[in-house]
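Engineer: Pulled from TrEMBL, these are the listed features:
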type     : residues : note
TRANSMEM : 38-60    : transmembrane segment
DOMAIN   : 112-249  : domain 'Peptidase S54 rhomboid'
TRANSMEM : 121-142  : transmembrane segment
TRANSMEM : 154-172  : transmembrane segment
TRANSMEM : 178-199  : transmembrane segment
TRANSMEM : 206-225  : transmembrane segment
TRANSMEM : 231-249  : transmembrane segment
TRANSMEM : 276-298  : transmembrane segment
Amino acid sequence: MFRRDLERGGETKDNRALNNNYNNYSVARNSYDPETRWISWLVPLFVLVNVVAFVVAMFINNCPTNNQGHCVAKFLNRFSFQPLSENPLFGPSSLTLTKMGALKWDSVVNHHQGWRLITCIWLHAGIIHLAANMFSLVFIGIRLEQQFGFVRIGIIYLLSGFGGSVLSSLFIRNNISVGASGALFGLLGAMLSELITNWTIYSNKVAALLTLVVIIVINLAIGILPHVDNFAHIGGFLTGILLGFILLARPQYGWLEQQHLPAGVRRKSKFKAYQYVLLIVSLVLLIVGLVIASVMLFRGDNGYDHCHWCHYLSCIPTSQWKCNDS
(Lines of atoms letter the chains of each structure in order from A and count residues from 1; the text may use other names and numbers.)
(Lines give C-alpha, C1' and ligand atoms only; values in the text may rest on other atoms or scores of the structure.)
Protein backbone atom coordinates (compact mmCIF):
# COMPACT_ATOMS: atom_id res chain seq x y z
CA MET A 1 0.00 0.00 0.00
CA PHE A 2 1.06 3.57 -0.51
CA ARG A 3 2.33 6.05 2.09
CA ARG A 4 2.71 3.80 5.10
CA ASP A 5 3.00 0.29 3.77
CA LEU A 6 4.72 -1.59 1.03
CA GLU A 7 2.89 -3.76 -1.45
CA ARG A 8 4.68 -6.24 -3.67
CA GLY A 9 3.98 -6.10 -7.37
CA GLY A 10 1.12 -3.67 -7.04
CA GLU A 11 2.12 -1.74 -10.17
CA THR A 12 -0.16 -3.06 -12.90
CA LYS A 13 2.13 -2.13 -15.79
CA ASP A 14 4.83 -4.19 -14.06
CA ASN A 15 2.62 -7.22 -14.46
CA ARG A 16 1.47 -6.26 -17.96
CA ALA A 17 5.05 -6.07 -19.19
CA LEU A 18 5.71 -9.50 -17.75
CA ASN A 19 2.55 -11.00 -19.25
CA ASN A 20 2.76 -9.47 -22.71
CA ASN A 21 6.26 -10.78 -23.26
CA TYR A 22 5.79 -14.34 -22.01
CA ASN A 23 4.76 -15.55 -25.46
CA ASN A 24 8.12 -14.43 -26.85
CA TYR A 25 9.76 -16.77 -24.36
CA SER A 26 7.46 -19.66 -25.25
CA VAL A 27 7.96 -19.55 -29.02
CA ALA A 28 11.69 -19.97 -28.54
CA ARG A 29 11.14 -23.64 -27.65
CA ASN A 30 11.55 -26.23 -30.36
CA SER A 31 9.56 -29.43 -30.64
CA TYR A 32 11.89 -31.37 -28.32
CA ASP A 33 10.14 -31.93 -25.02
CA PRO A 34 11.29 -35.11 -23.28
CA GLU A 35 9.08 -34.64 -20.25
CA THR A 36 5.47 -35.55 -19.58
CA ARG A 37 2.87 -32.83 -20.04
CA TRP A 38 1.41 -32.24 -16.61
CA ILE A 39 -2.08 -31.12 -15.68
CA SER A 40 -1.90 -27.86 -13.76
CA TRP A 41 -3.76 -27.90 -10.46
CA LEU A 42 -1.33 -26.37 -7.94
CA VAL A 43 -1.22 -22.90 -9.49
CA PRO A 44 -5.05 -22.65 -9.57
CA LEU A 45 -5.01 -23.78 -5.94
CA PHE A 46 -2.53 -21.01 -5.10
CA VAL A 47 -4.84 -18.51 -6.78
CA LEU A 48 -7.80 -19.81 -4.79
CA VAL A 49 -5.88 -19.55 -1.50
CA ASN A 50 -4.91 -15.95 -2.28
CA VAL A 51 -8.50 -15.01 -3.14
CA VAL A 52 -9.87 -16.70 -0.01
CA ALA A 53 -7.25 -14.95 2.12
CA PHE A 54 -8.32 -11.59 0.69
CA VAL A 55 -12.00 -12.31 1.34
CA VAL A 56 -11.19 -13.32 4.93
CA ALA A 57 -9.12 -10.16 5.36
CA MET A 58 -12.03 -8.01 4.20
CA PHE A 59 -14.42 -9.88 6.51
CA ILE A 60 -12.14 -9.31 9.50
CA ASN A 61 -11.50 -5.70 8.47
CA ASN A 62 -15.21 -4.79 8.74
CA CYS A 63 -14.71 -1.19 7.66
CA PRO A 64 -18.19 0.16 8.60
CA THR A 65 -17.72 -0.87 12.22
CA ASN A 66 -14.03 -0.08 12.65
CA ASN A 67 -13.88 3.10 10.57
CA GLN A 68 -17.06 4.89 11.60
CA GLY A 69 -18.67 4.25 8.21
CA HIS A 70 -16.17 6.23 6.11
CA CYS A 71 -15.72 3.40 3.62
CA VAL A 72 -15.66 2.82 -0.12
CA ALA A 73 -18.39 0.69 -1.76
CA LYS A 74 -20.59 0.76 1.33
CA PHE A 75 -23.14 -1.52 -0.35
CA LEU A 76 -20.69 -4.37 0.36
CA ASN A 77 -21.40 -3.86 4.07
CA ARG A 78 -18.59 -5.37 6.16
CA PHE A 79 -16.67 -6.20 2.97
CA SER A 80 -16.45 -2.54 1.96
CA PHE A 81 -13.00 -1.02 1.44
CA GLN A 82 -10.97 1.36 3.56
CA PRO A 83 -11.04 5.05 2.52
CA LEU A 84 -8.89 5.65 -0.55
CA SER A 85 -6.82 8.15 1.39
CA GLU A 86 -5.71 5.25 3.55
CA ASN A 87 -5.60 2.48 0.96
CA PRO A 88 -5.90 3.49 -2.72
CA LEU A 89 -5.77 -0.16 -3.83
CA PHE A 90 -9.29 -0.94 -2.50
CA GLY A 91 -8.46 -3.21 0.40
CA PRO A 92 -8.28 -3.61 4.18
CA SER A 93 -6.41 -1.56 6.74
CA SER A 94 -2.78 -1.97 7.73
CA LEU A 95 -3.90 -3.19 11.14
CA THR A 96 -5.97 -5.98 9.60
CA LEU A 97 -3.10 -7.08 7.34
CA THR A 98 -0.75 -7.09 10.33
CA LYS A 99 -3.16 -9.23 12.33
CA MET A 100 -3.39 -11.71 9.47
CA GLY A 101 0.35 -12.14 9.02
CA ALA A 102 1.82 -9.25 7.04
CA LEU A 103 5.61 -9.04 7.06
CA LYS A 104 6.75 -6.73 9.84
CA TRP A 105 10.38 -6.60 10.98
CA ASP A 106 9.65 -5.98 14.66
CA SER A 107 7.24 -8.92 14.83
CA VAL A 108 9.63 -11.29 13.05
CA VAL A 109 12.79 -10.38 14.97
CA ASN A 110 11.68 -9.16 18.39
CA HIS A 111 8.55 -11.25 18.80
CA HIS A 112 9.87 -14.39 17.08
CA GLN A 113 7.05 -14.54 14.54
CA GLY A 114 9.09 -16.06 11.72
CA TRP A 115 5.94 -17.51 10.20
CA ARG A 116 5.23 -14.06 8.77
CA LEU A 117 7.98 -14.70 6.21
CA ILE A 118 5.56 -17.16 4.59
CA THR A 119 2.10 -15.84 5.46
CA CYS A 120 2.79 -12.43 3.92
CA ILE A 121 3.01 -13.92 0.42
CA TRP A 122 -0.66 -14.97 0.62
CA LEU A 123 -1.94 -11.50 1.56
CA HIS A 124 -2.60 -8.52 -0.69
CA ALA A 125 -3.02 -4.82 -0.03
CA GLY A 126 -6.13 -4.48 -2.17
CA ILE A 127 -8.27 -5.93 -4.91
CA ILE A 128 -6.17 -4.20 -7.60
CA HIS A 129 -2.99 -5.65 -6.11
CA LEU A 130 -4.59 -9.10 -5.91
CA ALA A 131 -5.96 -9.06 -9.47
CA ALA A 132 -2.66 -7.97 -11.01
CA ASN A 133 -0.63 -10.63 -9.20
CA MET A 134 -3.11 -13.45 -9.75
CA PHE A 135 -3.38 -12.70 -13.46
CA SER A 136 0.40 -12.92 -13.71
CA LEU A 137 0.49 -16.11 -11.66
CA VAL A 138 -2.10 -17.81 -13.89
CA PHE A 139 -0.44 -16.67 -17.10
CA ILE A 140 3.07 -17.74 -16.10
CA GLY A 141 2.59 -20.41 -13.47
CA ILE A 142 0.16 -22.70 -15.30
CA ARG A 143 2.47 -23.04 -18.30
CA LEU A 144 5.47 -23.76 -16.12
CA GLU A 145 3.53 -26.31 -14.09
CA GLN A 146 2.39 -28.04 -17.27
CA GLN A 147 6.00 -28.34 -18.41
CA PHE A 148 7.74 -29.22 -15.15
CA GLY A 149 5.10 -30.52 -12.76
CA PHE A 150 3.59 -29.27 -9.53
CA VAL A 151 6.43 -30.38 -7.22
CA ARG A 152 9.19 -28.33 -8.83
CA ILE A 153 7.06 -25.26 -9.53
CA GLY A 154 5.59 -25.40 -6.02
CA ILE A 155 9.09 -25.50 -4.50
CA ILE A 156 10.24 -22.58 -6.65
CA TYR A 157 7.17 -20.50 -5.79
CA LEU A 158 7.32 -21.05 -2.03
CA LEU A 159 11.09 -20.79 -1.59
CA SER A 160 11.24 -17.70 -3.80
CA GLY A 161 8.52 -16.09 -1.70
CA PHE A 162 10.49 -16.95 1.43
CA GLY A 163 13.74 -15.62 -0.05
CA GLY A 164 12.02 -12.37 -1.01
CA SER A 165 10.61 -11.99 2.50
CA VAL A 166 13.99 -12.54 4.13
CA LEU A 167 15.75 -9.96 1.97
CA SER A 168 12.89 -7.51 2.45
CA SER A 169 13.08 -7.86 6.24
CA LEU A 170 16.82 -7.25 6.24
CA PHE A 171 16.34 -3.79 4.76
CA ILE A 172 12.80 -2.63 5.55
CA ARG A 173 11.90 -2.08 9.20
CA ASN A 174 9.29 0.67 9.41
CA ASN A 175 6.58 -0.66 7.10
CA ILE A 176 4.60 -3.81 6.65
CA SER A 177 4.87 -5.71 3.38
CA VAL A 178 2.46 -8.08 1.65
CA GLY A 179 2.07 -9.69 -1.75
CA ALA A 180 2.97 -12.64 -3.94
CA SER A 181 5.31 -10.81 -6.28
CA GLY A 182 8.47 -12.14 -4.59
CA ALA A 183 7.26 -15.62 -5.53
CA LEU A 184 6.27 -14.39 -8.99
CA PHE A 185 9.72 -12.92 -9.55
CA GLY A 186 11.07 -16.32 -8.52
CA LEU A 187 9.14 -17.92 -11.38
CA LEU A 188 10.53 -15.26 -13.70
CA GLY A 189 14.06 -15.99 -12.51
CA ALA A 190 13.48 -19.71 -12.99
CA MET A 191 12.37 -19.05 -16.57
CA LEU A 192 15.68 -17.33 -17.23
CA SER A 193 17.85 -20.04 -15.68
CA GLU A 194 15.82 -22.74 -17.44
CA LEU A 195 16.60 -21.07 -20.76
CA ILE A 196 20.30 -20.90 -19.93
CA THR A 197 20.72 -24.43 -18.58
CA ASN A 198 18.73 -25.93 -21.48
CA TRP A 199 20.39 -23.68 -24.04
CA THR A 200 21.10 -26.39 -26.61
CA ILE A 201 17.46 -27.45 -27.08
CA TYR A 202 16.17 -23.98 -27.95
CA SER A 203 15.66 -22.32 -31.28
CA ASN A 204 15.76 -18.50 -31.45
CA LYS A 205 17.63 -18.70 -28.15
CA VAL A 206 19.27 -15.28 -28.39
CA ALA A 207 15.93 -13.58 -29.03
CA ALA A 208 14.38 -15.46 -26.11
CA LEU A 209 17.25 -14.47 -23.81
CA LEU A 210 17.04 -10.81 -24.81
CA THR A 211 13.28 -10.84 -24.28
CA LEU A 212 13.62 -12.20 -20.75
CA VAL A 213 16.40 -9.77 -19.89
CA VAL A 214 14.25 -6.85 -21.04
CA ILE A 215 11.31 -8.13 -18.96
CA ILE A 216 13.52 -8.46 -15.90
CA VAL A 217 15.05 -4.99 -16.28
CA ILE A 218 11.64 -3.35 -16.78
CA ASN A 219 10.07 -5.06 -13.77
CA LEU A 220 12.99 -4.37 -11.45
CA ALA A 221 13.19 -0.76 -12.67
CA ILE A 222 9.53 -0.19 -11.78
CA GLY A 223 10.38 -1.50 -8.33
CA ILE A 224 12.53 1.57 -7.59
CA LEU A 225 9.39 3.67 -7.36
CA PRO A 226 8.45 4.60 -3.78
CA HIS A 227 6.22 2.32 -1.71
CA VAL A 228 7.01 -0.78 -3.77
CA ASP A 229 8.97 -3.53 -2.02
CA ASN A 230 11.72 -4.09 -4.57
CA PHE A 231 13.83 -6.03 -2.06
CA ALA A 232 11.16 -8.74 -2.09
CA HIS A 233 11.32 -8.71 -5.90
CA ILE A 234 15.12 -9.01 -5.92
CA GLY A 235 15.22 -11.69 -3.23
CA GLY A 236 12.56 -13.74 -4.98
CA PHE A 237 14.27 -13.37 -8.35
CA LEU A 238 17.69 -14.44 -7.07
CA THR A 239 16.19 -17.43 -5.26
CA GLY A 240 14.20 -18.40 -8.34
CA ILE A 241 17.11 -18.21 -10.74
CA LEU A 242 19.20 -20.51 -8.51
CA LEU A 243 16.30 -22.94 -8.11
CA GLY A 244 15.82 -22.97 -11.87
CA PHE A 245 19.37 -24.24 -12.37
CA ILE A 246 18.74 -26.88 -9.69
CA LEU A 247 15.27 -28.11 -10.65
CA LEU A 248 14.57 -27.28 -14.29
CA ALA A 249 17.45 -28.85 -16.20
CA ARG A 250 16.20 -31.03 -19.06
CA PRO A 251 17.91 -34.31 -20.08
CA GLN A 252 20.11 -33.96 -23.14
CA TYR A 253 18.72 -35.04 -26.48
CA GLY A 254 18.66 -38.81 -26.97
CA TRP A 255 18.97 -39.73 -23.30
CA LEU A 256 15.47 -41.18 -23.02
CA GLU A 257 15.75 -43.22 -26.21
CA GLN A 258 18.94 -44.93 -25.06
CA GLN A 259 17.20 -46.43 -22.03
CA HIS A 260 16.22 -49.31 -24.32
CA LEU A 261 19.77 -50.07 -25.43
CA PRO A 262 21.20 -53.45 -24.41
CA ALA A 263 23.36 -53.72 -21.30
CA GLY A 264 27.01 -52.95 -21.79
CA VAL A 265 26.45 -50.27 -24.41
CA ARG A 266 27.95 -46.93 -23.42
CA ARG A 267 25.24 -44.41 -22.71
CA LYS A 268 25.08 -40.64 -22.55
CA SER A 269 24.92 -38.90 -19.22
CA LYS A 270 21.46 -37.61 -18.40
CA PHE A 271 22.69 -34.02 -18.25
CA LYS A 272 25.56 -32.19 -19.89
CA ALA A 273 28.63 -31.33 -17.83
CA TYR A 274 27.81 -27.62 -17.66
CA GLN A 275 24.32 -28.45 -16.35
CA TYR A 276 25.83 -30.40 -13.47
CA VAL A 277 28.22 -27.53 -12.73
CA LEU A 278 25.39 -24.98 -12.70
CA LEU A 279 23.30 -27.28 -10.50
CA ILE A 280 26.02 -27.80 -7.88
CA VAL A 281 27.13 -24.16 -7.78
CA SER A 282 23.52 -22.95 -7.53
CA LEU A 283 22.70 -25.42 -4.75
CA VAL A 284 25.68 -24.24 -2.70
CA LEU A 285 24.89 -20.56 -3.28
CA LEU A 286 21.21 -21.07 -2.41
CA ILE A 287 21.90 -22.87 0.86
CA VAL A 288 24.68 -20.51 1.94
CA GLY A 289 22.71 -17.40 0.92
CA LEU A 290 19.49 -18.34 2.70
CA VAL A 291 21.31 -19.48 5.83
CA ILE A 292 23.45 -16.34 6.10
CA ALA A 293 20.52 -14.02 5.35
CA SER A 294 18.28 -15.78 7.88
CA VAL A 295 20.96 -15.66 10.58
CA MET A 296 21.51 -11.96 9.95
CA LEU A 297 17.77 -11.30 10.09
CA PHE A 298 17.06 -13.09 13.36
CA ARG A 299 20.21 -11.61 14.88
CA GLY A 300 18.69 -8.19 14.22
CA ASP A 301 21.24 -6.99 11.66
CA ASN A 302 20.31 -4.06 9.47
CA GLY A 303 21.11 -4.75 5.83
CA TYR A 304 22.07 -1.13 5.25
CA ASP A 305 24.95 -1.49 7.72
CA HIS A 306 26.55 -3.92 5.26
CA CYS A 307 25.40 -2.23 2.06
CA HIS A 308 25.12 1.54 2.33
CA TRP A 309 24.09 2.07 -1.29
CA CYS A 310 21.40 -0.63 -1.33
CA HIS A 311 18.62 1.86 -0.64
CA TYR A 312 18.89 2.83 -4.31
CA LEU A 313 17.73 -0.69 -5.21
CA SER A 314 14.33 -0.02 -3.66
CA CYS A 315 13.75 3.67 -4.22
CA ILE A 316 15.58 6.49 -5.99
CA PRO A 317 14.65 9.93 -4.61
CA THR A 318 13.60 12.59 -7.11
CA SER A 319 12.00 16.01 -7.02
CA GLN A 320 8.63 14.24 -7.27
CA TRP A 321 8.95 11.91 -4.26
CA LYS A 322 11.05 11.09 -1.23
CA CYS A 323 12.33 7.73 -0.06
CA ASN A 324 11.78 7.17 3.64
CA ASP A 325 10.62 3.54 3.78
CA SER A 326 13.63 2.00 5.51
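Numbering starts at 1 and runs along the chain as it is shown here.
Yeah, the Cβs are placed from backbone N, Cα and C, and that goes for glycine too.
What TrEMBL says about a protein is an automatic prediction, not a curated fact.
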Engineer: Going by DSSP assignments with H, G and I as helix and E and B as strand, what are the residue counts for the domain 'Peptidase S54 rhomboid' (112-249)?
Structural biologist: 107 helix, 4 strand, 27 coil
Engineer: On the 0 to 100 scale, where does the mean pLDDT of the domain 'Peptidase S54 rhomboid' (112-249) fall?
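Structural biologist: Result for the domain 'Peptidase S54 rhomboid' (112-249): average pLDDT 92.
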